[in-house]
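To start, the structure itself, in structure tokens.
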């Protein structure tokens with residue numbers, strides 16, 4: 001309880017800007033160039049995500065999969081986020097590899113991501129190799145080749161989602177490990193910027209005729225795009241992995257059974273520290289708002305387009321192409337706005353305590369939910385596709401904040417507990433190795449004991465490290481995806497949408513799904529008012 005009282009107190013952490021003479025910035029601080037190299041991995045990750053999300057469904061449909069089966073394939077995303085991120089976080093927290101705790105998982109996961117991308121893009125070619133029909137020109141073999149190609153593509157999709165989540169969990173933990181306390185806000189702001197840049201590159205590359213530019217890489221847009229994605233992905237991971245030197249740990253408690261990792265994850269989920277639990281509560285409702293937008297924004301633009309062109313046939317291929325392209329253009333503008341917001345908004349946050357500057361990360365976070373709510377309510381008044389595109393683009397501002405502040409708050413809590421009271425970890429401890437440069441400011445365990453009342457306190461209380469904290473945090477982001485899938489289905493059924501989706505132009509079902517997300521963001525704004533301010537401020 002003393003720890004909880006300290007976190008709720010108004011005393012600023014001794015690592016804020018007013019006490020910077022206590023810190024050797026020359027040794028601990030990361031320069032802007034070092035921040036860029038550390039977070040470069042996020043650009044490659046987001047580019048790969050963009051390729052999968054943009055081309056996944058059309059490609060699976062071209063292989064002959066029904067809408068219902070494609071929906072089952074897309075379950076790989078939330079399942080991998082729910083299972084892999086906390087598992088990789090828990091295992092990497094206790095790893096003792098010479099490369100460090102995070103980079104081995106980045107390297108192995110990166111290899112599997114590239115292998116999976118090749119499996120998706122060249123599934124038909126791999127099927128021919130497997131069946132021994134490389135040079136077959138028999139039309140009767142086509143169905144058998146296509147059947148095997150479907151299995152390969154689906155397996156590759158699941159492998160891609162699971163491996164890319166492993167890489168993402170490790171990269172996020174690394175970005176939390178390396179910067180010192182007072183640079184957590186800056187580090188996560190750079191991570192958000194890199195993700196937005198990855199989005200822009202992904203959407204822009206998708207608009208290019210890649211088969212004309214790089215005919216030697218493949219005869220379809222997807223094949224060339226997957227190869228380009230692999231190259232960008234590998235380069236981004238190499239930049240981060242080669243420029244960062246982690247602290248090496250040695251095991252000091254090897255008598256734990258293998259299943260103790262599962263217990264560790266359960267305890268982390270059950271006994272989260274109060275500040276982290278409150279962040280997770282906010283994230284749950286915030287992503288109840290974000291998933292409707294991410295899933296249905298393009299469809300909503302198509303709805304508006306249909307309403308403004310009532311004389312056109314909504315089943316005509318040319319109409320569908322124009323409507324979809326309008327939605328894609330809106331998302332491209334959305335990505336540009338998010339880049340600009342990600343660069344500009346962090347510049348306004350205060351660097352001293354106390355400060356009259358109202359643009360604290362907490363106030364900005366609250367405002368972002370309110371802005372998202374207001375934008376979703378404007379869908380009532382949209383009448384043309386140009387207005388709809390403007391609405392989609394404007395969401396880039398709260399999106400930039402969503403990709404920055406929650407992760408910064410988690411990082412500040414973990415680092416604050418580490419620098420104020422370094423507690424000996426019960427599983428690993430740092431090795432004093434002169435051959436390994438110590439850049440990471442995490443010394444042993446990174447976070448405090450769970451902040452719970454004595455009645456709730458577990459007898460075998462654990463110290464939860466960065467990877468585990470981020471893994472549980474991600475679970476609160478994934479859960480809403482399952483909930484929104486059920487709620488959106490109910491809304492569509494209420495508006496008498498058919499089993500294949502909303503009948504374009506006939507109702508406002510998609511608009512109401514977006515507005516429901518807006519109301520969820522309003523709940524997130526209310527919960528954000530109860531976040532615990534650690535009074536940590538960025539380095540000026």
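Using the three backbone atoms N, Cα and C, a Cβ is placed for every residue, glycine included.
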Range among 69-92, 429-452 that TrEMBL annotates as transmembrane segment: 69-92
From 196-216, 259-279, the residue range that TrEMBL assigns the feature transmembrane segment: 196-216
Among ranges 44-63, 104-123, whichever one TrEMBL labels transmembrane segment: 104-123
Segment assigned the feature transmembrane segment in TrEMBL (from 8-35, 148-175): 148-175
Any contact, the transmembrane segment (148-175) to the transmembrane segment (104-123), with at least 3 Cβ pairs under 8 A: yes
Dominant neighbour of the transmembrane segment (69-92) in 196-216, 284-306, 475-492, by Cβ pairs under 8 Å: 475-492
Best-contacting stretch, by C-beta pairs under 8 Å, relative to the transmembrane segment (512-532) and drawn from 104-123, 222-242, 284-306, 326-348: 284-306
Highest-contact recorded stretch vs the transmembrane segment (360-382), from 196-216, 222-242, 284-306, 326-348, 475-492, CB pairs under 8 Å: 284-306
The transmembrane segment (388-410) vs the transmembrane segment (284-306): 3 or more CB pairs under 8 Å: yes
Folded-back contacts onto the transmembrane segment (222-242), same chain, C-beta under 8 angstroms, at least six residues removed: 37-45, 47-48, 51, 55, 59, 103, 106-107, 110, 113-114, 117-118, 120-122, 167, 171, 174, 201-202, 205-206, 210-211, 213-214
